[in-house]
Amino acid sequence: MPRFPDQLLYIGGRYVPARGGHTLEVVNPATGEVLANVHNAGVDDLDAAVDSAKAGQQRWAALTTVERSRILLRAVALLRERNDALAQLETLNTGKPLSETRSVDVVTGADVLEYYAGVAQALQGAQVPLREGSFFYTRHEPLGVVGAIGAWNYPIQIALWKAAPALAAGNAMIFKPSEVTPLTALKLAEIFTEAGLPDGVFNVLPGDGASVGTALTEHPQIEKISFTGGTATGRKVMASASSSSLKEVTMELGGKSPLIVCADADLDVAADIAMMANFYSSGQVCTNGTRVFVPRALRHAFEARLLARVQRIHIGDPLDERTTFGPLASAAHMQRVLEHIEQGKAEGARLLCGGERLQDGALVQGYYVAPTIFSDCTDVMTIVREEIFGPVLSLLTYDDEDEAVTRANATTYGLAAGVVTPDLARAHRLIHRLEAGICWVNTWGESPAPMPVGGYKQSGVGRENGLATLQAYTRTKSVQIELERYASVF
């Protein structure tokens, strides 16, 4: 029997069953246990959600920005009050260690909601004089009903990153969580309703892409789509959204990010950064620095430091607060990661550690893959070129800065990049040449609410977070006012 009762759709401020009657199993990846049967939304459910969202958005947009901000801040307070319970649910559904979900997932999502609740009041137009008797002004108006599609690695955080600017700007949102990890998005919908959000302003439609995802991107009454996921799926979403009704899109997509360790770097600091950039959340982070470039002369010393740190990883039950490394999110994803590892071996990369599924003792039913490090990698290897989205670090050597930058940029991706060096002049010189939307110097992975997040090239379109994202959920209206008698040429 599933641990939780059937999970319904959330439309119009309440739970409703899917009209088609179909459900999807949601599994605990640490044990293989079925957590719940979740109703699988279809096109009829989407139409109902759009009708609800249109009605709710009219009420929501009619409120002042101060009134909207107060409601969003009440939701922030509820999120923080329920952090532990939400984190535990997130851990059950994603397999991420409780030590992570308690300190990062809900916390950072709430931070973003708090940020937009504050800056929403600064969303102002401009008044510009043209001549003595004429001027124009601009208004930032909400788009209306927007759609969002989340990924399975940071379910509640992604839901909040997408909902916060959209709602702060006066829109309604229909959110489709990943069918793998939909549970906390439903709890978020409850919290928004409890905080006072008008019914219909935040609807949640669990379901797979075939049943509801494609319909969401094509729906003519949805004005914008925000998507987080893989690049291949992102292309399909973008094509569908544009071909149906020229929707605006925001895309936070995949990456194969470089981390350049400079010759003057503290190798202990660099190894700590490389570990976090590859094995946090079991490697299921889009910004992971999976291509680690190290000077050829430092390779062996750096390998030794990495291997020593791998020994300190605590692999186990994600609900155990001592655990720092959990399973992958699903059996299917685990299999894809293992296939990439086998390809790395076949193409000649030298396996330093890991490279296998973990099935000892209590791990036997879970989707655990050992922290894996390959050395002697080359740029043409599949594990170096393709996003794996798992705990697989590829170590590459270089001889000079120009070579490192050229090879770091030789990818279709451009999400993130990092440099480790005590020389800030060198750091800026390298960072300014790296083709990536998010760059870190002597650190990795932090994405505070005011910091825009997004990629270059095929890693995305538009940005999440930051002030510009709030404006991206509005449309600008220009209004000219003539104070003098209008002079016609006829």
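Note that Cβ sites are derived from N, Cα and C of the backbone, with glycine treated the same way.
Features reported for this protein in Swiss-Prot:
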ACT_SITE  Lys162  active site, charge relay system
ACT_SITE  Glu252  active site, proton acceptor
ACT_SITE  Glu464  active site, charge relay system
BINDING   Leu246, Lys457, Gly460  K(+) 2 binding site
MOD_RES   Cys286  cysteine sulfenic acid (-SOH)
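Structure with Swiss-Prot features highlighted.
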{"residue": "Lys162", "record": "active site, charge relay system", "Cβ contacts under 8 Å, 6 or more apart": "Ala148, Gly150, Met173, Phe175, Ser226, Thr228, Glu464"}
{"residue": "Leu246", "record": "K(+) 2 binding site", "Cβ contacts under 8 Å, 6 or more apart": "none"}
{"residue": "Glu252", "record": "active site, proton acceptor", "Cβ contacts under 8 Å, 6 or more apart": "Phe227, Thr228, Cys286, Val453, Gly454, Gly455, Gly460, Glu464"}
{"residue": "Lys457", "record": "K(+) 2 binding site", "Cβ contacts under 8 Å, 6 or more apart": "Thr411, Thr412, Tyr413, Gly414, Glu435"}
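For the recorded site, Leu246 (K(+) 2 binding site), the DSSP three-state label reads coil. Counted over every protein chain shown, other Cβ atoms within 10 Å are most numerous around Gly460 among the recorded positions Cys286, Gly460, Glu464. Taken residue by residue with DSSP, Lys457 (K(+) 2 binding site) is part of a helix. In this structure, Lys162 (active site, charge relay system) is part of a helix by DSSP.
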